[in-house]
Ligand SMILES: Nc1ncnc2c1ncn2[C@@H]1O[C@H](COP(=O)(O)OP(=O)(O)OP(=O)(O)O)[C@@H](O)[C@H]1O
């Protein structure tokens, strides 16, 4: 047993620590502490229990006894020794891992006692810090002080959590905390006091101890931990008040579980050289556990005379502390059996002891720091008593120490013994598959993104190459075509050149051949003579022309000057005439418009409604006051001459053209002028004006003039001969102005009345043009169309009755019948009259009867025969109906009587 060694002055040493420089230096260095061979491949290190002693400052009462104290206790922190004077010549000296005087700050206590343990916990070890001592010796101050008012007073728990939080990564690591108290072998949850009988569960495989019934708080920050401590402390006070006991009668345990990922392990790297998934190991997760135990006060354990509840309480505390001491002792002795099951305290700390019935070294061992807080008063009283009792107990060196803490010999000696516990510590590590999966997923995502990016680059490259190839092929093709074309041109040129050369050669040969032939045959002499003569003539003529040119050039230009002057005079005269003529034309035009009722002389050309007749277009003739106009026109006609007026129809000045065509139209309205106009070429000019698409006024007036000329049978033939029907049909198709259409329809209607022109008129589209104009619903236009149809039907009827015509009516062939039937009862009397006549004429020829019946014309004929206002037409209809067998039979069938 390696405890301290006593001499006369009773010096007790720890052999293992003799050569140690400091408490901290005895902890295994972070990377050197591991050795392979522990369970699950976890690393193990050796360690032992460390013991420090701390004296708290004296309180008021103690200050009174201060005089004695200096004589009894001698702290030698630099030697890590505590000397207790037995008497003037004898003393006992105890050696610790740390000796902390009353001046030691909380920070220093934390750093020398707890910080190394916390560091070990962060590396995956289990670590425990326990405080042992009498009530009031400063256990809670040392461990659990919050330092709300004075941060320098923060205790080990607060500082430990600060350190842990500073050394973990919130993303990957976690901290969970339980806060418990153990009283009378019952474990109570200080975070949920109602839960006061928590059972301990031990994992048979790993030896891990857990408390499934205890509340576990995840700690994210210091505030939440402080809140937890306050809550636990409040619950502890409340629970103890309820139990009517003191706080120091229970053990308080703070259990901090730390899970920390290992990121910088060599074996787990995802560097570029080692990306193979097969080489990957899951990231390691280190699990450390820190237990901070505020042990129950030891002062009453020994007390004789304790009874009832107090006795039970004392026994319980005695039991747990004794069990704790035994376990530590067993570990110090390397005993194969560590009696952890003797109390709940030792069972709770089991995974910190490493108890195993079979193999001590395969289970976890833990770092301990014991802070022994000493009550100076008791120490002194012990000291005083020791002189008198001179007590010597089982444990040679520790009985004095134990007495100093009021007699728990076993516990005290074993706690002291704890300083030599040395064992194997095992890092608790496990594979963090979750994190690995996450990392792998990220890696896969990254690889996929990279792959996609490369794919895109590849596709773009392919597309670029394709386009490039396409461009090159197109260029090659173009070059080829150009080269081909060039070659072809060159070949053609060569060919042409050779042909030319051949032709020249051939011509030369031919000439030679001819000359030879002539010479040889003596023929053609006469031709040569003739050619020579012609050449001579030509030469003479050219000479004469040259002479004349020379004469003209050489100043014999008097005659020429005269001619030029004469021409200039004539030109001026003509211009004057034109000017007079223009003004006269304008004047006449205005007068004519006024006479016709055009207020502003504009070209509106509105006809007087209802003035249609079977004859020519009356509006072209002036009626009222026509004498004056006619006189003006006659005057003009006589003064200027018709030829000049007609020439003005082709003037470049649009106004002149309009005036001119008006004058011509007015002249054409007089029968006496018509022949002259036609003779002077006026009809041709007027027909040409129908082509003046841009000027509707000119077309309208020209069409009116043509219509007037078309009243004359001779002119009708001329109009047809000059292609007039085509021009009229064309105008009928493209004109929109109703008055233009009216003039055109009037002109065609007049032509329709010519028996000789029937066939040609129809073949050149006259009937269709006429029918096409019904699209304009203007009654004047419809009236002219109806007149034309009536005229045509009349001619056909005449020809049929004369036997010169056979077959069905051309009007029916050209589809005129529906319109005829539709307008047979028109409200416009003129239209109605023309259509009624047309129906009567069509009905006279038996061959039309069937079509007329099927087209509904029979009903109209019957109506005409009964209701027509004109007696002659009524009679004609009746006659027609009665004379046609077809109509008769149909009428009979329909039981209609005419
Ligand atoms: N190092 C110290 N410096 C200043 N005051 C101290 C120190 N240690 C203890 N005290 C004071 O001594 C008194 C008792 O301390 P504390 O309550 O921590 O003792 P305890 O051992 O936990 O007692 P109990 O077992 O009854 O809980 C408190 O007033 C505390 O403030």
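Cβ coordinates are placed from backbone N, Cα and C, and glycine is handled just like the others.
All TrEMBL annotations are machine predictions without curation.
Residue 133 (ATP binding site) falls within a strand segment according to DSSP. If you look up TrEMBL, you'll see 133, 134, 135, 136, 137, 138, 139, 140 marked as ATP binding site.
Per TrEMBL, coiled coil is recorded for 437-487 (among others).
What TrEMBL lists as coiled coil is 557-591 (among others).
According to TrEMBL, the domain 'Kinesin motor' annotation covers 48-389. Confidence over the domain 'Kinesin motor' (48-389), given as mean pLDDT on the 0 to 100 scale, stands at 77.
The region 'Disordered' annotation in TrEMBL covers 1-40 (among others).
The region 'Disordered' feature in TrEMBL is assigned to 595-629 (among others).
Summarising the annotation, TrEMBL assigns repeat 'ARM' to 640-682 (among others).
Annotation source TrEMBL lists repeat 'ARM' at 681-724 (among others).
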Looking at the binding-site residues 133, 136, 138, which one has the fewest other Cβ atoms within 10 Å of its own Cβ?
-> 136
Quick one: of 134, 135, 137, 140, which of the binding-site residues has the smallest count of other CB atoms within 10 A?
-> 135
A correct count of other C-beta atoms within 10 Å of the C-beta of residue 139 (ATP binding site) gives 28
Residues in the repeat 'ARM' (681-724) per DSSP class, helix first, strand next, coil last, are 32 helix, 0 strand, 12 coil
